[in-house]
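Trainee: Quick paste from Swiss-Prot:
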type	residues	note
ACT_SITE	Ser25	active site, schiff-base intermediate with substrate
ACT_SITE	Tyr58	active site, proton donor
BINDING	Thr57, Gly73, Ala74, Ala75	substrate binding site
MOD_RES	Ser25	pyruvic acid (Ser)
Amino acid sequence: MLLNMLKCKLHRARVTHAELHYEGSCGIDGDLLDLAGLRENESIDIYNVTNGKRFRTYAIRAEAGSGIISLNGAAAHMADLGDIVIICAYAHFDEVEASTYQPRLVYCNEDNTVKDTANIIPVQVA
């Protein structure tokens with residue numbers, strides 16, 4: 001049996017661009033893309049913390065060090081500039097792989113620089 005598990009995420013990135021007439025995708029600063037382990041053209045889910053919208057598109061590389069998070073094409077309707085988003089990719093693992101795999105978690109500052117990285121999501125407490 002294959003399990004669909006979190007592969008990586010960019011947590012609390014901010015939308016810097018929305019390009020309605022650009023070919024659909026999400027442009028992600030190349031440094032963030034690499035650090036998270038995202039691949040160009042990889043399917044990503046985006047969760048807009050600001051407005052609650054959730055949608056899927058694919059990742060493309062934006063200029064490294066630019067801090068760009070650009071929602072392109074139809075995805076541009078899903079957020080306003082400055083909205084906080086979580087960008088996730090998932091992968092299929094067999095049960096053995098799933099028991100040892102640790103996702104790459106990248107936590108972003110307000111300017112989309114790296115605040116922290118981790119491989120474990122803390123236990124939620126009351």
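Backbone N, Cα and C define each Cβ position, glycine as well.
Show me how these features fit into the structure around them.
Mentor: Taking the Cβ of Ser25 (active site, schiff-base intermediate with substrate) as reference, residues of its chain lying under 8 Å away and at least six apart in sequence are, in sequence order, Thr57, Tyr58, Ala59, Ile60, Asn72, Gly73, Ala75.
Cβ neighbours within 10 Å of Tyr58 (active site, proton donor), excluding its own Cβ and spanning all shown chains: 17.
In the three-state DSSP reading, Gly73 (substrate binding site) counts as helix.
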Trainee: Check each residue in the chain of Ala74 (substrate binding site) that is at least six apart in sequence and keep those whose C-beta is under 8 Å from its C-beta; list them in sequence order.
Mentor: Gly24
Trainee: For Gly73 (substrate binding site), just count the other CB atoms lying within 10 A of its CB, please.
Mentor: 16
Trainee: How many other Cβ atoms are found within 10 Å of the Cβ atom of Thr57 (substrate binding site), counting all protein chains shown?
Mentor: 19
